[in-house]
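Trainee: Below is one structure. I have some questions about it.
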Amino acid sequence: MALGEGNQSSVTTFILLGFSEYPHLQTPLFLVFLTVYTVTLVGNLGIIVVIRINPKLHTPMYFFLSHLSFLDICYSSVFTPKLLEILIMEDRTISFKGCMVQFFFVCAFVITEMFMLAVMAYDRFVAVCNPLLYTVAMSHTLCALLVAGTYAWGGICSLTLTYSLLELSYCGSNVINHFGCEYSAILSLSCSDPYFSQMTCLVISTFNEACSLLIILASYIFIVVTIVKMPSTGGLQKAFSTCASHLTAITIFHGIILLLYCVPNSKSSWLLVKVATVFFTVMIPMLNPLIYSLRNKDVKDTARKLIHTKLLSHSM
């Protein structure tokens, strides 16, 4: 049965192994991942709500942060429900089309988040280096265009990578040694020459990682130079506090991406790939709202007021 133009695939479903080699851990892992996913949804939705209801937070920085939270919800929701399902269900299958759709959306959201973090670094650069021109330089139109551009670029890259996988033939094993449709896991099942797909992935991945890190690095070099020149310690502390949360999020996000790039493509490294992917798709979306809310006074104050108002309304 042909599943893509130009290929001769006979595989219509894939079997996700997940963490089936550790049967005694299935229930504890399910409870841990369910808790993490719940915290992810509550935390990121909470940030979006807090930003919407507090007029003080209607600034470019929080506009980008609300989109970061939205992306965290999206790519966590593409992977985690299927992971929870295969941890407790006997049926570990996913259709070929379902697998490609999952890969497309995860890839699109991850690339979009990569550039959203770069856009946020540029925003911090403008805020610290040109504070008097900040509202003019970061206009509503520019912010909307930057956000639209990150989503569009994420979609284009993901579409290209998904197409490169669809052009391959899958006629041998249909067992994916992963809990989701991750690129290298799908590629390992191909029975045709993967050169075009591998080169496409290499070019897109290298370009995206290099560009996003270059924007972040350039922005923070200018920020550091500006901070060093600041005469007052108060201004220095304020500048540092506005950047600390973002730097923490960037370090975790790109650190795990680079770890995944550096893992050798061998059977012995599949467990490391799965664990790193869990951190990337399950843990990071939970950590981001914690990182931004714990270090941000405005977000914490608005959240407290919101909780206090709800508790009062329930007690009356």
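Placed from the backbone N, Cα and C atoms, the Cβ positions cover glycine too.
So TrEMBL has the following annotated:
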{"type": "TRANSMEM", "residues": "29-50", "note": "transmembrane segment"}
{"type": "DOMAIN", "residues": "43-292", "note": "domain 'G-protein coupled receptors family 1 profile'"}
{"type": "TRANSMEM", "residues": "62-80", "note": "transmembrane segment"}
{"type": "TRANSMEM", "residues": "100-120", "note": "transmembrane segment"}
{"type": "TRANSMEM", "residues": "132-153", "note": "transmembrane segment"}
{"type": "TRANSMEM", "residues": "202-228", "note": "transmembrane segment"}
{"type": "TRANSMEM", "residues": "240-261", "note": "transmembrane segment"}
{"type": "TRANSMEM", "residues": "273-294", "note": "transmembrane segment"}
Trainee: Could you tell me whether the transmembrane segment (202-228) and the transmembrane segment (273-294) are in contact, taking contact to mean 3+ Cβ pairs under 8 Å with a sequence separation of 6 or more?
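Mentor: Answer no, regions not in contact.
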Trainee: Sequence-remote contacts (6 or more beyond its ends) of the transmembrane segment (100-120), Cβ cut-off under 8 Å?
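Mentor: Contacts with the transmembrane segment (100-120): 61, 64-65, 67-68, 71-72, 74-75, 78-79, 82, 94, 146-147, 149-151, 153-155, 157-159, 161-162, 165-166, 180-183, 186, 208-209, 211-213, 215-216, 246, 249-250, 253-254, 257, 280-281.
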